[in-house]
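Student: As annotated by Swiss-Prot, Mg(2+) 1 binding site applies to Glu10, Asp56, with the evidence given as sequence analysis. The annotation Mg(2+) 2 binding site is assigned in Swiss-Prot to Asp56, Asp58 on the grounds of sequence analysis. Per Swiss-Prot, domain 'Toprim' is recorded for 4-87.
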Amino acid sequence: MKIKEIIVVEGKDDTVAIKRAVDADTIETNGSAIGDHVIEQVKLALQKRGVIIFTDPDYPGERIRKIISDKVPGCKHAFLPKEEALAKRKKGVGIEHASNESIRRALENIHEEMEAYTSEISWSDLVDAGLVGGEMAKSRRERMGKLLKIGYTNAKQLHKRLQMFQVSKESFAEAYKQVIQEERK
């Protein structure tokens, strides 16, 4: 599988994992202290070939994704479910621990940022679905993020991603229905 866009990852081990799974070029941020030279590389890559941000499904990875998204709007995003990024001995989370199949699947389901889009899904829809507050909220958001392939987030970030990736009310309702069915099992 050849990827046209340049993939932004956190480090060398992620690059090795990406290249093991697909034919692609990467830019490494080397941690969350992203220098101006990395931002310039990402801007140039976006102009020339497009960019996919593919960071670890953990707090530092999400922080890096947000920094790059804010400074270089228009990037695409790939998300890896946390359970597919766990190290063998459960010590650590990262793309470098994912299988080739998981990496390919994440890159087949990329999302594009859309600016100035008003979501069909309101904050009260999230509250009504039990995705904000309450004992089941976190697990429901985890499941929704996985089903919609937008990654796990807190409630505020979930609302933002639903808008950014223009998730339709139908897709949201379908995923929610599936979450509720799974809870009843």
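The backbone N, Cα and C atoms fix where each Cβ goes, and this holds for glycine too.
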Student: How long is the line from the C-alpha of Glu10 (Mg(2+) 1 binding site) to the C-alpha of Asp58 (Mg(2+) 2 binding site), rounded to the nearest angstrom?
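Tutor: Counting only the Cα atoms, the answer is 12 Å.
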Student: Give the mean pLDDT for the domain 'Toprim' (4-87) on the 0 to 100 scale.
Tutor: 93
Student: Just checking, which of Glu10, Asp56, Asp58 (binding-site residues) has the fewest C-beta atoms within 10 Å of its C-beta?
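Tutor: Selected from the binding-site residues Glu10, Asp56, Asp58 on minimum Cβ neighbours within 10 Å: Asp58.
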Student: Please work out the helix, strand and coil residue numbers for the domain 'Toprim' (4-87) from the DSSP assignment.
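Tutor: The domain 'Toprim' (4-87) comes out at 39 helix, 18 strand, 27 coil.
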